[in-house]
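Worksheet: one structure, shown below.
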């Protein structure tokens, strides 16, 4: 699946640099979506090949790589488009993905053993094969809500910065910096929190992530200084570094090995749904209320999510007890 995704995206994205018709570009964008899936399959591979007691560290490192790409990608793309052309940006991206394909082919090795269970049975009663299907569903929904919270801020962050700066000064630059701050703190915190989860318990890190995120989102709706907003946005990245890798760690620890790829694909689908809902709801809430209301809405969403986690995963109510969900 890693080879399919990387090679497919290499050719599809590279081909975008040669199109002369908008409909062909739309078709290639559609094919790009069909070829996507490298990250969830990489997560699944890491989850199956890494000892359970070290899965938090491994997934934290993967998250670091993913976030680094999200930070570097727009900068690199902008520079290439400015220095060369937009077309060449697609071609270079295709070449980079072709390099990813070669690296995956030569350096990544998987000890794959096909499941003995009939395919029909595995597909027809997927949740019944889990010891705790309620936990799995709760974690998937949590992924969606956490991502929804992050993306609800995206449509309004530059406008909120403009409002706080009273439309005076380098608004675009400041908005870009503030938008990047959560990624920077996630980059710094995810590996450390992953290691801490392996030693102290992933459930403790998840509880910390929810509480910290709620406490950081609420004040963002009441700030009067762009620098205070920047500090709080930086702190949000720490909660992201706790929440996303820990949810994936708990999924991997509570999923049968032969179903790991399926569950991580589901997790990616729930994350994509959260991205879509977040953008829609962020714009809608800011229209109904104000930019401040988006942050309060996000905090309340995470609070309800946290309450749901405590209700449906009883061991989360006592994260510092010896018995834990992982």
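Even glycines carry a Cβ here, placed using N, Cα and C.
Unlike curated entries, TrEMBL annotations are predicted automatically.
Taken together, the residues of the domain 'Major facilitator superfamily (MFS) profile' (1-317) have an average pLDDT of 85. Taken from TrEMBL, the feature domain 'Major facilitator superfamily (MFS) profile' applies to 1-317.
Summarising the annotation, TrEMBL assigns transmembrane segment to 7-31 (among others).
Among the features that TrEMBL reports, transmembrane segment is placed at 84-109 (among others).
Annotation source TrEMBL lists transmembrane segment at 168-190 (among others).
Residues or ranges marked as transmembrane segment in TrEMBL: 202-219 (among others).
Taken from TrEMBL, the feature transmembrane segment covers 295-313 (among others).
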Looking at the transmembrane segment (84-109) and the transmembrane segment (7-31), are there 3+ C-beta pairs under 8 A, with each pair at least 6 apart in sequence?
yes
